[in-house]
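Quick look at what TrEMBL lists:
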- 25-46: transmembrane segment (TRANSMEM)
- 25-448: domain 'Ammonium transporter AmtB-like' (DOMAIN)
- 58-80: transmembrane segment (TRANSMEM)
- 134-153: transmembrane segment (TRANSMEM)
- 165-186: transmembrane segment (TRANSMEM)
- 198-216: transmembrane segment (TRANSMEM)
- 228-248: transmembrane segment (TRANSMEM)
- 260-279: transmembrane segment (TRANSMEM)
- 291-309: transmembrane segment (TRANSMEM)
- 315-336: transmembrane segment (TRANSMEM)
- 348-370: transmembrane segment (TRANSMEM)
- 401-426: transmembrane segment (TRANSMEM)
Amino acid sequence: MSLPTAYQEHLPSSPQWLNKGDNSWQMTASTLVGLQSMPGLVILYASMVKKKWAMNSAFMALYAYASVLICWVLLCYRMAFGDELFPFWGKGAPSLGQKFLTHQAKVPESTHFFKNGTEEASTTQPLFPMASLVYFQFNFAAITVILLAGSVLGRMNIRAWMAFVPLWLIFSYTVGAFSIWGGGFLYHWGVIDFSGGYVIHLSSGIGGFTAAYWVGPRLKSDRERFPPNNVLLMLAGAGLLWMGWSGFNGGAPYAANIDSSIAVLNTNICAATSLLVWTTLDVAFFGKPSVIGAVQGMMTGLVCITPGAGLVQSWAAIVMGILSGSIPWWTMMVLHKKSTLLQKVDDTLGVFHTHAVAGLLGGLLTGLLAEPDLCRLILPVTNSRGAFYGGGGGIQFLKQLVAALFITGWNLVSTTLILLTIQLFIPLRMSNDQLETGDDAVHGEEAYALWGDGEKYDPTKHGSSSKADEIEVSPYVTGARGVTINL
């Protein structure tokens, strides 16, 4: 019986090694991850901040997405996944040539050997071209930088941010990615990070917290009163983030296989559990459910499951959801108010709690709960297993802890050095006048055509002098001033 035409080899565009199903899923997963950033986090950030910072917050995410892509194909992909330069860094080179992009994907470039010199696991060769892999990994790099931006919204100088994005990608993100995913020393040691709990979330949380320290706080008035300008639109952004996470974790096996299905199911189970636990705690301690709190709980669940999404059983995903809905809740709602350090650093959207704490928690729990049979489906290092499954699994927890310390230390130091260097040429924080006004001063644009909350009144924009007596201040407005038009 002959193969259907769709599965036959058609050179040169469909070589023998190409699996159209795997390639289709990889490009779909890449797009889902891309939608998490653009427009997912663009919408989430723009609606979660105070009205006067909506445009600036959206632009920071939009700029980062575009900037990372160009840096990624010019240099950074091969720094993260190419030939080894150091045990923690790859050799940078462009990923733009036809000969490179049309060949079968290969990741990482290095092979893992036993101590006696025999090969333990060769490099993975997914059944799709390098172009699909480069684009998939770009979306991971982009969302990491955009998540970091959540810590410095509402005051970071936009020119400083534009310089920071490529520098942080080069000197911080690529190091973590190569070390754990690209064939670096942590990869060969057997550290487990299924889809970025350490490479993406712990690094963005630590990097964001460090950046928030060096950039400085928002205005006192903004710190004390920073209501979201559109909660319903915030839910739309959160929904894109949640649904896109199926591509985030489901694309990590580089194939439309059994492990991909397990990862997608576990991702959604953990997110739902975490959301419910966070909401329950809000009701128990504050007397009412919070929509913003539910979004935070969703986020911590998605982050926590990421390091072990395809490696833990679904009952373990529920356990991880319970812990991710409660431990980050405690650090944000209780510990934050008692800690002098946490109070001193103005982390605008609490990225430290939702990503650093949840990412660390997920990585450590993976070291306990990773199931041996599931590990054999995908992990290159043989006999990988969580500590709860015995057979030498206890060492896995130690590996996870050491990797967390490395990612934390590297991001703290590299982020500090990058920002101190930028500060020599560009102020990291906006001027007080810009901070008072917001979007109108920084971009000359506004998210909403209403006067108030930082915007300076301009009669050429808000009405002629002949209409002046039609405008009076509403006695019912508290906080930021608004206007009432008598028709």
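Cβ coordinates come from backbone N, Cα and C, glycine included.
Curation does not apply to TrEMBL; its annotations are automatic.
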Feature contact check the transmembrane segment (260-279) with the transmembrane segment (198-216), CB under 8 Å, 3 or more pairs: no
Listed stretch, out of 25-46, 291-309, 401-426, that has the most CB pairs under 8 angstroms to the transmembrane segment (165-186): 401-426
Residues of the parent chain within Cβ reach of the transmembrane segment (260-279), under 8 Å, 6 or more residues beyond its termini: 25, 194-195, 242, 245-246, 248-253, 289-290, 293-294, 296-298, 300-302, 304-306, 308-310, 312, 314, 317-318, 320-322, 324-326, 329, 374
Closest-packing stretch to the transmembrane segment (134-153), where packing means Cβ pairs under 8 Å, from 25-46, 291-309, 315-336: 25-46
Two-stretch contact, the transmembrane segment (291-309) and the transmembrane segment (401-426), at least three Cβ pairs under 8 Å: no
